[in-house]
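Here's what TrEMBL has on this protein:
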type   : residues  : note
DOMAIN : B:14-106  : domain 'MRM3-like substrate binding'
DOMAIN : B:130-277 : domain 'tRNA/rRNA methyltransferase SpoU type'
Protein chains: 2
Amino acid sequence: MPINTRVIDNPKSERVRRVADLASRKTRERSGRFLIEGPQSVREAVRWRPDAVQDLYVEVTQALGNDRPVSLTVQRIEDESQDSTIYVHHVTSQVMARISKDSQGIVAVGNLAAMETDPDDLELRGDALIAAFWQVRDPGNAGTVIRAADAAGCAAVILVDDCVDRLNPKTIRSTAGSLFHIPVLTMSTDGFFAFAHDRNVPVWAADVYGTPDRTPEQLPAVLADPKARKGPKAVLFGNEARGLETGELERCNRIVSIPIYGKAESLNLGTSAAVMLMSLAMSSHAGTILAV
Amino acid sequence: MPINTRVIDNPKSERVRRVADLASRKTRERSGRFLIEGPQSVREAVRWRPDAVQDLYVEVTQALGNDRPVSLTVQRIEDESQDSTIYVHHVTSQVMARISKDSQGIVAVGNLAAMETDPDDLELRGDALIAAFWQVRDPGNAGTVIRAADAAGCAAVILVDDCVDRLNPKTIRSTAGSLFHIPVLTMSTDGFFAFAHDRNVPVWAADVYGTPDRTPEQLPAVLADPKARKGPKAVLFGNEARGLETGELERCNRIVSIPIYGKAESLNLGTSAAVMLMSLAMSSHAGTILAV
């Protein structure tokens with residue numbers, strides 16, 4: 001909506017410092033704000049979750065006496081934001097450099113409260129797929145798996161137990177906008193299993209090893225079973241280094257493993273999540289044509 | 001085989017400089033050598049391709065008057081190398097720091113000629129899957145896709161046209177050892193299509209857009225077709241930013257697209273390759289049980 005016509009040009013101003021400080025989790029929690037960096041993430045936020053965007057900071061250059069956004073891409077996002085109640089601020093390149101190293105000319109400040117989803121508000125249609133990640137610690141991994149869950153048409157992502165902050169700027173960047181496409185919730189381990197149990201959503205562990213008592217089922221056999229393709233499910237992936245522990249595995253309804261056909265030891269978390277979620281989604285959507 | 005008992009302790013020596021210089025492609029090509037960094041890659045090289053490994057450089061510390069490898073992991077790789085004709089050199093931490101920033105205590109020097117595979121020597125069994133990548137430019141991406149191809153049991157990886165050097169140290173690290181599990185060849189675009197044609201291997205393009213005349217087929221429909229699952233095939237993936245161009249697409253027998261079920265715009269190259277190759281492999285291996 002309103003564009004502040006005065007260009008912010010002092011990198012040391014209080015406002016600029018406050019925005020830059022959103023790189024820290026503590027500041028995000030204290031202020032109730034978070035930082036969205038770069039054209040792709042900002043565009044998807046403005047397009048899909050304008051309610052969660054408060055301010056846009058757009059880098060401008062002086063051209064023929066006018067202040068112009070630094071690129072057409074950035075200009076288009078500014079234009080698109082005009083339909084909503086987002087405040088637009090123009091800043092110099094020095095100010096933008098102080099705010100973010102990864103802005104490519106545009107950042108947004110989001111409202112943390114708007115990104116909270118009440119689990120009771122989640123709509124789980126017939127074959128809803130939920131992607132859950134236990135103790136994912138790397139910001140880039142978290143972003144990658146949220147993007148894979150979005151591509152697979154998941155109803156939600158749940159970050160379980162002690163995970164990286166989903167509003168870490170690097171995580172947001174790695175989601176390539178997917179954070180603004182699907183609900184991303186955080187829950188404790190007990191909270192997650194209670195949530196799934198209360199809604200009759202079976203939990204499948206994605207795990208290579210299983211427990212001493214339970215050998216994992218192989219994914220192709222599961223995909224070939226028409227019964228397995230039906231109904232909602234939550235797939236739980238483990239920590240990137242340690243996987244899932246026996247305690248968590250024992251609480252899952254099924255344990256499913258992605259086969260390795262070559263000599264590779266394993267797939268990394270991002271690849272495992274993409275292969276598992278996309279093949280479940282393809283089987284579910286294309287169920288009727290998978291018959292030979 | 002032989003361990004040089006004198007610890008190399010001069011970071012400025014000619015030998016140390018020559019090893020460190022293998023980070024540059026020019027030096028690799030001129031010297032016919034390449035650098036393998038870190039325990040995982042070195043272990044897989046020693047285990048699967050000892051013929052391609054010339055020297056092992058192992059970081060040691062002084063303990064009770066003896067020189068000991070810095071970790072048990074590194075010690076085990078040194079032990080394993082004893083069965084082959086690999087020369088082992090002990091080095092100080094200063095020397096190792098000069099050789100590589102990513103050694104974690106061990107690097108190897110490989111022989112470039114040993115890593116060349118004559119296309120005529122490739123064994124293509126009945127349902128052989130070949131993963132081909134056109135103009136992949138990022139070293140990390142190249143490594144990730146080689147690893148995915150290995151996991152999917154591909155017979156070979158072919159880097160087509162102007163790609164990143166498969167022996168770039170960062171690429172090797174990203175393959176997590178897979179470079180030493182399957183043949184990785186390089187070919188021109190014409191060379192690749194001639195190779196596939198001569199061996200009656202159909203080429204499938206992995207592409208979202210297709211050409212003005214040809215809309216891509218959707219992967220689930222292709223997977224559901226028992227005929228499509230049979231026989232050898234080469235899947236060609238495009239550049240990470242630009243995909244495949246019309247000229248290349250027109251030379252392919254089929255164009256296959258991975259469906260996106262959510263709002264994500266696309267999958268990145270590494271994820272696309274993993275999803276496409278793993279689902280083709282799972283369909284091919286589990287073909288008989290995919291019937292409903």
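Cβ from N, Cα, C; glycine included.
Note: TrEMBL annotation is automatic and uncurated.
Across the range of the domain 'tRNA/rRNA methyltransferase SpoU type' (B:130-277), the DSSP-based residue counts are 55 helix, 31 strand, 62 coil. Taken through DSSP, the domain 'MRM3-like substrate binding' (B:14-106) splits into 47 helix, 26 strand, 20 coil.
Confidence across the domain 'MRM3-like substrate binding' (B:14-106), taken as the mean pLDDT and rounded to a whole number, stands at 94.
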